[in-house]
Structures are given as structure tokens and as C-alpha cells.
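Encoded as C-alpha cells, the structure appears first; notes follow it.
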């Protein structure tokens, strides 16, 4: 078997048994409102072959995998899995969440990284017993992966040996680098990672393996638990079943094989001999201790020494109700710390300590922890010498880590819960905080809850979080905290079933409004209201859902909702509304639509202005809290646009009096930010700096923009999936919170240098535009706003469509109008593309769009777009002549210097920039200049980024390298399912047998036969084997066709083998005509 380097994968869905329902719901959410596309986000994972050195380029590419957040509220662990957590002696705890492995440092209480690479739900993981910096994982994607913890990368994997989802992985404590993985059809793969050798065994075929445990006493033995309750002891050397026990009535959930050097003369009822003892637990809610029968050999089996019933000691439940609920009993044991205790879960939520020295005694309980079923218990103790005398320490003081159905992870020390980390069980849709309680962050989550997180209040436990779920029976897709002094504890929320509610933090009560929208709610917003002298106020709330906006009155719950069309009469009904936003002073409200239009109204719902700068649905609107004339919008077209609403002098009538026209405003587009590669899902202005705004996108990133300097200040990556919401801290001006599809809320310091955008990423600003709504006069001197389209078709006329200035009807336009038709010019011949422009005055004005060098392209773009020589003082050098106070840019003159190292450094920096933006073809081209194509190909292959262009250019590196690149590219094509092109590249380098096997393994047997017949003689063994295989596949569906296949490959050597098969197939054919036809064919063959 060949173990190939890992390719890039997108992680997928939820972590619970209900994960299919969760994902289906969230897909509908995105289709209905958010319309979040995947874009071209940087969510992929590149991995290395084992033993390769990580270079500077690797560090750039692996930034995404190392956690750069300040704090994180994580996604909860996977449920109903036998072993999805483990601990090493470096204080690193790992657990599975969806398809991701999360790394947590117990000592520092920080999440330090994530292992991303599986494409489906993780089912099992563990640390390598001989290398604490390596862990192994198995998944429903049928792959087994070996990870390096330090680099957060997958260093090897196999994914073709299992045909069914992997159910369990384990490593041997006695055999160096031996990994075993099992699947649902009972197949077990033994993988020796040092030489990449694999063996496949199946002690009980077609029966799912639920647990495996290597013997700590014999290197050749492993215990295997099955879904039918059977326990098998298997010998890996003789490849035979040593003993088979009908251990339980249902699934074996956990196995502990005791180290007989520790348990000698310790287990109650045992003997002084070093016998083998095994503990098992099952879905039948029992724990059984098994003892070796024969003192000399285990071939004679095991006897049941004791049966423990945790259901009898489960808190707050009687035996009858405990038997009715779905329970999970798991085991944990430490050979170094308090080995006289076996730790288990109960039928409910207790942690039980069973004294192995007195199995009849009542177990001790660890209380005050979980509230629902416990799935995994992990021993997290420091390494220490094994206790030869277990009575030396009778008090249980082991450190345990448990995960549960209540989505909490608890660390236990000295039988008490030391600290608790809650987990989120759904997509994070909305974040908000109140100025009256700025320490608390409200989280609207897809797990039917509102979470109140206090990350900055308690530094000892930054994961302190309260969950509100009573009365909330659906996903919370939007929330907003009231900004009134009186009602600062009110949190309005909307759900995906269309209902709207309000949570009162003071009374801890949830109030639901009657009726609601027909589908998911995209946004809820409070109307800012000024408090009158008698301390009364309006409590108006607005919700957006199923393309409509409803108004709710908290003081009149029985009235239900009021459609917004009640206020806005003309041109409002029928439009698909997407968002609503009130200015902080309550004087203006903005409403967006699915066609990219934005309407502005005053507080009396009188029309003020209109704009359409977006080409697609507008997802988010946000007014600047410092300046109520500044509005930001984010759209599915991946743009963030900043507008300024400016008043225009009112017109005077014939009597010299000013007319009161509400539409005397113009909307000026100040900036257009186009750096995101996915839909804009969230916006938030800084609470301390009026010029800063943050945006969240479907490309998995959060960006911070400065609207005054038109700069991108930070590009924050770290989420695994789309980011739905972003919120700026009310306490720290550098702190941002974000949440999204990976079911986490992350706290960032955007000033962290790792988030500084590259030069290519920061060059994403569209210059300022002219005012969008120009106020002009028609022939009747009526003021009318003119809507200017941001994206004008070449075939459109130069006269834009006019829009009524108010809800009242407008006078007809003048009949004398002038129309200018713009003809589409013929396509000009393409400009000559220059690879390195020397200066803008040499040869020709540089065409910046055609530049190959990203750094040069960026700065030449600045020079060519600024006629005021703003950048003339930039130091242009790659050497040591740069001024520390100025920005350094690529030197045009550096190519004239007699310094080879300067030119080399210039090429190196340009190539690094190309790698950052994944421009692989140009990265290869630039390395061809200095003849270092081998190095470039090495990095491209290492990161799994081969392209057809790279393969063709590899010929310049020599025949041997070209053939290697062709072969690796064919394997890359196989991974993505392009089998036909993979075969073509294999044939290009003469690997006919490998090409045939690609077709054969991908179930393209017909193509494999045709290829084999076209390259080999008809009696070649490969052709004959394929025909026999084709015959086996068609033996039941078409026996006649199967017989013809066998006859076509019949010869003297195989006739004795094939004739019985032909006669067997003849029995299934009842047609006499077909039998006669076959007989004649047989006679001709003979």
C-alpha cells in the first residue's frame, strides 16, 4: 500500500447524533437570507510527508492552523463515541468536534490549535504511546490520519483500505508505531508507520467493531469489542482468535486491559499470580470484570469475576426510568495513579469510583459536575513511577477530564470540578453586548439557546457562560440588546421558525410574541427612543423574515405584529426586504432589499433617499454610532460600501419660501472595500474609533477597515468555515468577537502582527466615487433624485432611470429629452505584456493588471494612480539602503546593481508574495528565471498544489523529475475523482499497469478492459484477470454475458478452473435458445 501526502479538505458538519438535521437547517438558512457562498476562502489544509523540514514558506502557509485568538468558546465534542478524547504528558488534551481535533492546554487553560483535514465526523482518536507529539484519528470519511501536534499538520494517512466508516483507532503500548483501525464491517487495518506496512484482518467479518485495546502485558494480543456484545482476544502474530466471549447483550462500549504488574494481588477475588484481568462496559448498562481461567495460558478463556451495576448508583433516577433512557457507560483506569480505582460513568450523569480491592463495596461519586450522560473519561495525570503498593495512597486524587451530553467539558481535581468549559452545539448567528453590562456577550446559537459569555470578567475562568434555553424551542438566528437605560437587560431574539421573543435578564424570563414570520428571521432591531419626563418610552422592535419587516410593541403583546407597509404606502409592498437598521439617534432608518437597493427613511417613515451600489442582495446594514450620517452595507456581491448622507439646500418657491422636501439628501459613496472572497455576513463599527469597521464573510475571515485612509488594517483568519457575525468589544478597542459555521465564538486582538494583511491583500480599495443621488431639476423645477447605477452595461444609455423623490406622485417629465447612445467599441488588440516593467517612463506606461510580480504591481499601481507624486519618497531597495522610517518597495534600479544577492532576494520576496496569494503558475515561472525550478516544484508538490501548467514545465527539470511530477499529479487527480485525466498522465510516462489499476479501483472496469486490450495481447494475464472480474460482477444480473466473458479468456491453462464456473452459470439460464448458443460457443472454444 502506498501512503500519499494529504490533500486539501473542507471540514463539514455538526458533532451530534442530530447533526444531519442541524446542517439541513443551516443550508436553508443560508439560502433564505444570508446567501453565503463559499467563495475562495483559505480554509484548506496542506500537509507534509513525514520527516520533511518546515521552511519559512511552510510557516506562512500553516498560520491558519495555529490558534491566534485571545480566547475561544469552543464547539462541543462529538456525542455517542467510545473514545474521542485523550491526554499526553505535556498537558495537552485533545478531543473531537465534528471533523476537527481541538487542542487544549490543561496547564494554561488555553485552546492552542486545531487539526483540520477530515471531511466527515470523527469517531475515534488517541495519542501515540511512543510519541506524545503524535496523535491518530479515524473518521466516517473512511480515513485514518497521523498528526504532528507541534506543527498541527497531518504527516501521513490512508483512506482506501477501509470501505466503511472507521469506528475506532488504537496504538500499541509495546510495539513501536503500530496503529490499529477498525470499521463498521469488522475489518481491522494494522498500520506500521515506520515502514508504511499494512495488514488487514477480520476476526469476525461483517460485524461492527466498537472498541479495541492492546494488551499492556503481551505485545501480540489485542482485545476487540463488537456491536453484538462479543469480546475477542486476537493474536496478531498467528492471526488467530485466542478466545471469544459473549460478554454483553449489547454493544461493548469500553475495554480496560489491566497491567498485571500493577494489579498483582490487588483485584478482589484474584490470586497472587500475574493473571490477565479485563474490564468491559456495555450499552446493557453493566460493567464486568473478567479473569483468566488457566494460570498458564489464556487460550482456555476468561471467567466473569464480578458484575458491577452502575444503574443502581445513578443520581436522581430510579432503576425503571434509567432502563428506559439511552445511557452510555464508559471506563477509565490509570496504571500510575491510584490503580486500585476503576472509574466509570453511571446511567445518568455521575462519575463513579469502583474500588478494585473491594468489588462489593458501594462506589464513590463525584458530584457537582454534569447534568446529562457522560461519554468519555480521560486520565490527565503527570507521569510518575508505578505504585507497587496501591495502599500507599487510598485517597483518590487523580485529575480527570470528562465530556458529556450537556456540552460541557469538566476538569476534575481531588474529586471536585476544578473548572468547566461549555461548548456550543450549533452555528453562531449573532453577537451583541449592552453598554450597561459590557462584560457580557450575548450569543445567538443554533443549539436552541442564548449563551451569555463573560470572557473578560473572570480571568481565572474565562469560559464562564450562562445558557438560556427554557422556552426557546428553535435556533436563535438573530438577537439584539435594548440600549435603553430602563430596559438594558432586555434581549430580543428571532428564530428560524419565524417567532420573535424577548429575554429579561433581571427576571430570567422569556416572553414570546404571538404569531410571527413564516420562516427564518434574519435580523431583529430595537428602535432607539428618547425617554420622556415621566420616564415613559416606546418599546418598538422590528424583525426581518420571509422578505417582510414586522413591528412589535413590547408594551402591547396581545396586538401581535404590524407590517411595515402600514407606514410606507407607496412602492414598498412586494419588495423582498433583507435588513433594517436604525441610526443611534433614532432619526433615520435604512432598509435593504434583495436587488441591492437601500432606502433611507426618517423617523416618521417619510422617504429620504435611495441608492443602489450593490449588484446583489444586501445582507447587513450598520449606521456609524459616532456619526449618524455614515452608513455601511455588506452584500452577497462581496463588497463593503460606506455611504455618507448629506443634506441639500431646499428649493424656494415663487414666493421666496423654502419648500419642505424630505428627499433633499444625497448619498455619497465614500469607499468600496472589495477584499473579501465570499459574501459579507456581518458588519460592526468600532465603539472607540469612528473610522474603523469590521466585516465578517463567507470566506472564513474577518477584516478591519479604516474608512479615512481606505486601508485594510487586519485580515483575521482562524474559523473553519463561514463567519456569520462580528462584534467589537465595548471595553477594549483592540478586541473583536466573531462566530460562525464552525460553532465557535473567538476573541481576537486585531493589532496582532500575524493579522497584518499582505501587500496583495491590502490593495483592495476602490477609490472614492461621486455622489450617488444627484439632485437635479426637470423642466417643471421639481427636485428629483437621480439613481446612478454602479455597474453600467456598455449597451445602456447614459441617461439613468429617475426615481420619485417622495411617496407622492411626481409631475410627468418634460417631453423634450436628449438621449445619448454609447456604442460598444471594437475590441482593441491586446497590449504587449511585459514581465518586469522598469519604470512607468521606460518603454510604455505599465499595465498594472498584467504584472507578474505582486509587490511591483502594488506599488506601480499606487504610482500610476496618483498624479500628485504622493509616493515619490518611497525607498526603492531590496538591499540594506532602506530608511527605517519609510516603507520599502521593490527596487526597479536594483537589477542594474552588481550584487547577485540583491537580485536573488528580489526574486525570493516576489515568489513568497505569489505563494501567499496562491498564484502557483507565476510562482513556478519566476523560479524558472534563475533555473531553480526543482525547488519550486518541491514546494508545489509539498503543498498539493500541482497544476497542468506546472506538470508541463517540469520537463525542464529533467526526465526523471517530469515522470515523478506526472505520477504525483495523477494521484492528486485520483483524490479529486478525475480518473480519466489521471490515467492520461500515467500513460504519458508509460505506467500502463498503474493506469489500468486506477480504472479498476474506481469501478471503471469497462474502461480498464478496453485499455488493457489496446496495450496488451488478448491472452495477457492482466486482460484475462479483468475479464474474469467482469464475469463475477455480471454473474447474477446477466449470466449469459458472464459466460461469454469466461469463454473469451478460456485457454489450456485455466480451462480446468473456469469450466466449473461456466457450468454453474448454465444452471441459471432457462432459455433453450441461449443454452444452445452457449454450447456452440463452448465447442468453438474447445
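Every residue gets a Cβ built from N, Cα and C, even glycine.
Since we're looking at a predicted model, the values are computed, not measured.
TrEMBL lists 790-826 with the feature compositional bias 'Low complexity'.
This prediction places the mean pLDDT of the domain 'Gem-associated protein 5 second beta-propeller' (435-740) at 87. Annotated domain 'Gem-associated protein 5 second beta-propeller' per TrEMBL: 435-740, in sequence order.
Per TrEMBL, domain 'Gem-associated protein 5 TPR' is recorded for 895-1053.
Annotation comment: TrEMBL describes 1-20 (among others) as region 'Disordered'.
Residues or ranges marked as region 'Disordered' by TrEMBL: 28-48 (among others).
The region 'Disordered' feature in TrEMBL is assigned to 786-830 (among others).
The annotation repeat 'WD' is assigned in TrEMBL to 115-157 (among others). With DSSP classes pooled into helix, strand and coil, the tally for the repeat 'WD' (115-157) is 0 helix, 28 strand, 15 coil.
Per TrEMBL, repeat 'WD' is recorded for 611-646 (among others).
According to TrEMBL, the feature repeat 'WD' maps to 673-715 (among others).
Remark: secondary structure over the repeat 'WD' (716-749) totals 0 helix, 19 strand, 15 coil, with classes taken from DSSP. Annotation source TrEMBL lists repeat 'WD' at 716-749 (among others).
Counting same-chain residues at least six beyond the ends of the repeat 'WD' (716-749), those with a Cβ under 8 angstroms from any Cβ of the stretch are 10-11, 14-15, 26, 30, 34, 36, 38, 41-43, 63-64, 67-76, 97-98, 100, 114, 116, 424-433, 435, 438-439, 441, 443, 445-446, 453, 455-456, 678, 681-689, 694-704, 755. The helix, strand and coil residue counts that DSSP assigns across the repeat 'WD' (673-715) are 0 helix, 24 strand, 19 coil.
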